[in-house]
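Comments concern the structure below.
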Amino acid sequence: MSTQSTHPPKPEAPRLPPAISSCQRRHTLPASEFRCLTPEDAVSAFEIEREAFISVLGVCPLYLDEIRHFLTLCPELSLGWFEEGCLVAFIIGSLWDKDRLMQESLTMHRPGGHIAHLHVLAVHCAFRQQGRGPILLWRYLHHLGSQPAVHRAALMCEDALVPFYERFGFHAMGPCAITVGSLSFTELHCSLQGHPFLRRNSGC
């Protein structure tokens with residue numbers, strides 16, 4: 001639900017849109033920062049996600065209370081990209097303990113699991129078409145690879161997005177058991193053992 005050489009050209013930094021410029025700029029804030037999200041980031045994440053998904057699918061992968069739920073239980077399975085202290089892109093995941101995703105995995109975090117279920121990847125509308133989604137995904141996979149308990153990453157997406165995720169080492173497992181209303185999805189898995197990101201700097 002969510003492009004790009006290892007060293008993509010750096011586009012001219014866009015002006016922060018009103019929704020983002022509400023975060024006051026301070027010289028002490030890093031121009032660009034990656035970090036795990038906290039429950040305090042939930043509202044900003046939901047605003048980005050709602051704009052990205054509602055107009056296209058009519059639903060959000062996670063709603064505000066679910067975002068807070070996962071950022072409270074497993075913030076280490078999230079990653080946000082911040083510009084001047086404001087969130088511009090993020091991924092939220094949780095652990096799952098079965099071989100395949102199922103309906104319960106949409107809302108559950110299983111601490112004993114070894115599969116990181118990627119619930120959502122979203123980029124603020126003012127920062128799209130800049131290669132940020134792929135960069136963030138590479139960094140997230142590297143982040144997961146540093147966690148010994150996580151052996152695989154799994155996600156579900158529409159068929160049109162399968163080639164995008166295959167570029168990062170994901171493999172289609174067939175139709176996903178999860179449905180959302182009338183929407184159906186393909187399930188993809190990525191082994192974190194021997195993945196190229198372990199031998200390759202993302203160039204960010």
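Cβ atoms are placed via backbone N, Cα and C, with glycine included.
Copied over from Swiss-Prot:
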- Leu121, Ala122, Val123, Gln129, Gln130, Gly131, Arg132, Gly133, Pro134, Tyr165, Glu166, Arg167: acetyl-CoA binding site (BINDING)
- Leu121, Met156: substrate binding site (BINDING)
- 32-193: domain 'N-acetyltransferase' (DOMAIN)
- Thr28: phosphothreonine (MOD_RES)
- Ser202: phosphoserine (MOD_RES)
- His117: site 'Important for the catalytic mechanism' (SITE)
- His119: site 'Important for the catalytic mechanism' (SITE)
Candidates His117, Leu121, Val123, Arg132, Glu166, namely the recorded positions, that fall within 10 Å of Met156 (substrate binding site) by Cα distance: His117
In the chain carrying His119 (site 'Important for the catalytic mechanism'), residues 6 or more apart in sequence that have Cβ under 8 angstroms from it: Pro61, Leu62, Phe70, Ile92, Gly93, Ser94, Leu106, Leu155
Farthest-apart CA atoms of Leu121, Ala122, Val123, Gln129, Gln130, Gly131, Arg132, Gly133, Pro134, Tyr165, Glu166, Arg167, residues recorded for acetyl-CoA, distance in Å: 19
Euclidean distance between Cα atoms of His117 (site 'Important for the catalytic mechanism') and Pro134 (acetyl-CoA binding site), Å: 17
Mean predicted confidence [pLDDT] for the domain 'N-acetyltransferase' (32-193): 95
Three-state secondary structure, Arg132 (acetyl-CoA binding site) (per DSSP): helix
